[in-house]
Amino acid sequence: MYASREDIGYDFGDDSKVGSKPIKPNPNIDGGWAWMIVLSSFLVHILIMGSQMALGILNMEWLEEFNQSRGLTAWVSSLSMGITLIVGPFIGLFITMCGCRKTAIIGGILNALGWILSAYASNVHYLFLTFGVTAGVGSGMVYLPAVVMVGQYFQKRRALAQGLSTTGTGFGAFLMTALLKYLCREFGWRNAMFIQGAISLNLCVCGALMRPLSHKDVNEKYVVRRNSENNQAKALSHSAETLKSNGVISEETDKKEEATNEEVLDSVKHIETEGKSRSGKSMYGLLVLKTASQLTVTVRKGFGIWYSSYFGAASLFTNRVFVAFVIWALFAYSSFVIPFIHLPEIVKQYNLSSQNNIFPLTSIIAIVHIFGKVILGIISDLPCISTWNVFLMANVTLVTCILTLPLMQTYISLAVICALIGFSSGYFSLMPVVTEDLVGTKHLANAYGIIICANGVSALLGPPFAGWIYDITHKYDFSFYICGLLYLVGILFLFIQPYIGKKQPQEKSTEEEQV
């Protein structure tokens, strides 16, 4: 039902030489160090996404400290969560230039700095800058590399690996909520944020574990797929052929740029050779010039790849299936967040507070969400199951639950619906897998950056939009209905994509599983 990477034609270049030679598979792909990458990503989800889901504890402290309106104070948490996702496309530029490891380490330092500076906040607007922007950007610089690295290290078990790593969000929600409650009670919220900043420095350790694969190792994952692509070249649609031609143009341009860059470096080396007879001061100047030239080449090449991915001839947006995926992402995330916001009020409205205090409905969503990610990942990795179909069915189940939740008026019925919401929302672990299937590993960082950016817009604007609906209608039901219908529109874009992308999806083949 969706166009695969071969249909889009993003793996540029002639791979016939690669496929003609027997290649020994890298033991770190689907095993070995790959599981350390999963552990690193798991810890990142605990420290970043788990902490953000526990910000309600700090939000109460800020309300009491600064005596501002609930709406203004809530923007601190919304900014942090939204910016973490919205900066995705720009973090893709950093990954292209510096790699995932360096980007994550810098992001860990920036995130910790945001927490520590927030401990000295004198007003809410100060928190907008330190916690909302600084910590938010730092979180984004760690979160995207954590997802991309899992996609690079896994082929057969991608869905399971992503599912295991993203369960850190659920575990983190419980751990960080308990930790922040304890720290605020024992030391006050300012010291709690300072201590949390120190804990966040462990993100640098997680970044250090993100050992990059060589280009040869990445290419090994898709040798068999490329060979099958050559056998099916006649079946490619006109749009795919056009994109492939664009890819050739892009490749030729890259070669020209590389040639120019090599000339620059050669000239610098030539000058350095002639300067050996000069004084030490001159040699130091030449060394600085060489370093600056190499840095310029790296930045120029990285920016060129990043720019072409968004605006060039081989832009990701020329893939109409990917565009439909982005439109879906604009409506999806808010429908998952809104139940967490309005469920307590619905419980109060139906006089179910006593039962909800024993076992909160939001806790049911969080617990089942963990199992949903793992189970959906295992199902998607089965050879006879299409990841895309699992992804669509989970979305249909979730939107159905969102639309029917306001109709439930007993605790048992609400608990069942919340369990289904938690399980079906486990499709979040499949998003990187589906994105990689659409654009390939080479463009995963930039493509997934766009997807989480769209999710960030949804997370940033969804809750205020739901509150605005309540202010007009004075009913929470309409928040679920309207946001659910918008979410349904996004899902429809995914269902009609076979008609806007002519090529049908390629099912998992036996040859592909043997890579």
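Any Cβ shown, glycine's included, is placed from N, Cα and C.
No curator has checked TrEMBL annotations; they are predicted automatically.
Fair warning: this is a prediction, and the values are worked out from it, not measured in the lab.
Here's what TrEMBL has on this protein:
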{"type": "DOMAIN", "residues": "37-502", "note": "domain 'Major facilitator superfamily (MFS) profile'"}
{"type": "TRANSMEM", "residues": "33-55", "note": "transmembrane segment"}
{"type": "TRANSMEM", "residues": "75-96", "note": "transmembrane segment"}
{"type": "TRANSMEM", "residues": "103-121", "note": "transmembrane segment"}
{"type": "TRANSMEM", "residues": "127-148", "note": "transmembrane segment"}
{"type": "TRANSMEM", "residues": "160-180", "note": "transmembrane segment"}
{"type": "TRANSMEM", "residues": "192-210", "note": "transmembrane segment"}
{"type": "TRANSMEM", "residues": "321-343", "note": "transmembrane segment"}
{"type": "TRANSMEM", "residues": "358-376", "note": "transmembrane segment"}
{"type": "TRANSMEM", "residues": "388-405", "note": "transmembrane segment"}
{"type": "TRANSMEM", "residues": "411-434", "note": "transmembrane segment"}
{"type": "TRANSMEM", "residues": "446-466", "note": "transmembrane segment"}
{"type": "TRANSMEM", "residues": "478-496", "note": "transmembrane segment"}
Arithmetic mean of per-residue pLDDT over the domain 'Major facilitator superfamily (MFS) profile' (37-502): 77
Contact between the transmembrane segment (127-148) and the transmembrane segment (75-96) (at least 3 Cβ pairs under 8 Å, separation 6+): yes
Remote residues contacting the transmembrane segment (75-96) - C-beta distance under 8 A, at least 6 residues beyond either end: 48, 52, 55-56, 58-59, 62, 103, 106-107, 124, 127-128, 131-133, 135-137, 139-141, 143-145, 148, 302-303, 305-306, 309-310, 333, 445-446, 448-453, 455-457, 459-460, 463-464
Long-range environment of the transmembrane segment (411-434) - Cβ separation under 8 angstroms, sequence gap at least 6: 2, 147-148, 150-151, 158-159, 162-163, 165-167, 325, 336, 339, 343, 346-347, 352, 355-356, 359, 361-362, 364-369, 371-377, 380, 387-388, 390-391, 394-395, 397-398, 401-402, 404-405, 444, 448, 451
Outside the transmembrane segment (358-376), six or more residues from its ends: residues with CB under 8 Å to it: 53, 159-160, 163-164, 166-167, 169-171, 173-174, 339-340, 343-344, 347, 390, 394, 414-415, 418-419, 421-430
Interface check, the transmembrane segment (192-210) with the transmembrane segment (33-55), three or more C-beta pairs under 8 A: yes
Within-chain partners of the transmembrane segment (446-466) [C-beta distance under 8 Å, separation at least 6 from its ends]: 71, 74, 78-79, 81-92, 96, 143-144, 147-148, 151, 306, 309-310, 316, 322, 325-327, 329-335, 337-338, 341-342, 431-432, 435, 438-439, 479, 483
When counting Cβ pairs under 8 Å to the transmembrane segment (33-55), the leader among 103-121, 160-180, 388-405, 478-496: 160-180
Non-local residues, at least 6 beyond the ends, that sit with Cβ under 8 Å of the transmembrane segment (478-496): 324-325, 327-332, 334-335, 338-339, 342, 392, 395-396, 398-399, 402-403, 405-406, 462, 465-467, 469-470
